[in-house]
Every structure is written in structure tokens, then in C-alpha cells.
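Presented below is the structure to which this report refers.
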Amino acid sequence: MANRRTYGPNREDPVRGSADTAMEFPRLLALLLIVLEWTRPGLPSPLRPICDLRVLNHFIKEARDAEVAMKSCREGCSLSESVTVPQTTVDLDVWEKKNALEQAQEVQTGLWLLQQALSLLRTSVSNTELHSHIDTSIRNLLSINAVLRSLNIQEYTPPASAVGLEGTWRASSATDLLQVHVNFLRGKVHLLLSNAQACQQDVS
């Protein structure tokens with residue numbers, strides 16, 4: 001039987017997690033500022049690979065915050081039309097048989113689809129709190145692309161249309177879209193970054 005992985009809520013020690021967060025926050029903030037700086041148009045890729053998964057974990061937390069805000073929204077928070085989003089369930093047997101380029105392209109395609117979908121959501125909702133969460137989510141997707149560039153992953157050229165792309169489905173609600181966003185970051189993006197060749201070389 002294939003080894004399939006889905007991503008549910010993490011069960012971490014809240015006391016230890018709070019202490020670790022307080023100690024590591026200054027370093028994480030500095031790293032995030034560096035990543036955000038590299039998302040500015042026209043800037044070259046960073047000289048060293050960005051391998052600290054705390055950056056991704058911070059983006060996942062902010063994606064969860066957006067999902068929670070959407071679930072509690074009662075007015076001005078609907079998606080105007082269905083959007084194409086990436087599949088998030090990971091079959092590890094299939095994933096591990098793909099080469100690094102195929103894995104990267106699957107992740108990059110998913111990031112592009114999410115960026116397009118979140119941009120549409122941004123124009124669909126009128127709730128100002130959600131606007132802030134969605135803007136943060138879109139910025140974070142751009143930052144993840146900067147991280148990928150730092151790992152010497154080939155620049156992605158998006159297709160002319162999302163129609164016919166494999167490994168996708170249509171989400172018809174804002175809640176579904178934001179749940180996909182969280183699960184995609186926790187799943188395929190995390191797998192790609194945690195096993196990136198540039199980071200293995202950096203550690204060695």
C-alpha cells in the first residue's frame with residue numbers, strides 16, 4: 001500500500017513552544033527581513049541558500065491566521081468565482097520517484113496557482129481585516145519564491161492558463177482556498193525545502 005501523507009494540526013508542547021519562540025524571535029525577524037528584501041523586483045538571488053525552515057514555519061502560521069480569520073468572517077468574505085488550486089495530498093512513493101526538477105516545478109506551479117487565486121480573493125472580499133491577511137499571504141508566496149531562487153532552483157515560467165494543469169482541482173469557497181494554502185505549505189513546499197540539495201551541501 002502506498003504511503004500517503006496528509007497534514008493535520010501539529011500537537012506541540014505549548015510551554016516549550018512559547019519559550020523557544022521568545023528566544024528565537026529576533027533571529028527569525030532578521031532572517032524574514034532579509035527574505036522580504038530579496039522579493040523586490042530586479043534584485044539578484046541571494047549569495048547563500050536560505051535553509052532555515054523557521055522562515056517557512058512563520059509563513060505557515062500566518063496562513064493559518066488567515067484561515068482562522070476567514071472562518072470567523074460573517075460579511076464581505078466570499079469568493080466571487082471558483083479558482084484552480086493545487087492538490088495537497090502527498091503520496092510519498094510517487095513524490096520520491098520524481099527528480100528534483102519535477103518536484104520543484106510541481107511546487108512552483110502550486111505557488112503560482114495560489115498567488116493567482118489569492119489575488120482574485122483579494123478583489124472579491126470587502127472585509128478589511130481579511131485584506132490584510134490576504135496581502136500578507138501573497139507577500140509570503142513571493143518570499144518563498146525568493147527562497148527557491150536562493151537554492152539555485154530554476155526560475156519558473158508560468159503557463160498561459162491554468163486550464164488542463166495536472167494535479168489541480170477547483171475550489172469554490174474562500175475557506176477551501178485558504179485551507180489549501182495552509183496544507184500546500186505544510187506539505188509539498190516543506191518537503192521540497194527540507195530536502196533541497198543546496199541545503200544538504202550547506203550543512204555538510
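Yeah, the Cβs are placed from backbone N, Cα and C, and that goes for glycine too.
Given the structure is predicted, the values throughout are model-derived calculations rather than measurements.
Noted in TrEMBL for the protein shown:
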{"type": "DISULFID", "residues": "CYS51-CYS199", "note": "disulfide bond"}
{"type": "DISULFID", "residues": "CYS73-CYS77", "note": "disulfide bond"}
Tertiary neighbours of CYS73 (disulfide bond) (same chain, Cβ under 8 Å, six or more apart): VAL125, ASN127, GLU129, LEU130
Separation of alpha carbons, CYS77 (disulfide bond) and CYS51 (disulfide bond) (Å): 35
Neighbour tally for CYS77 (disulfide bond), based on other Cβ positions within 10 Å of its Cβ: 20
Surrounding CB atoms that lie within 10 Å of the CB of CYS199 (disulfide bond), all protein chains: 18
Distance [Cα-Cα, Å, rounded] between CYS199 (disulfide bond) and CYS77 (disulfide bond): 39
Count of other CB atoms lying within 10 Å of the CB belonging to CYS51 (disulfide bond): 18
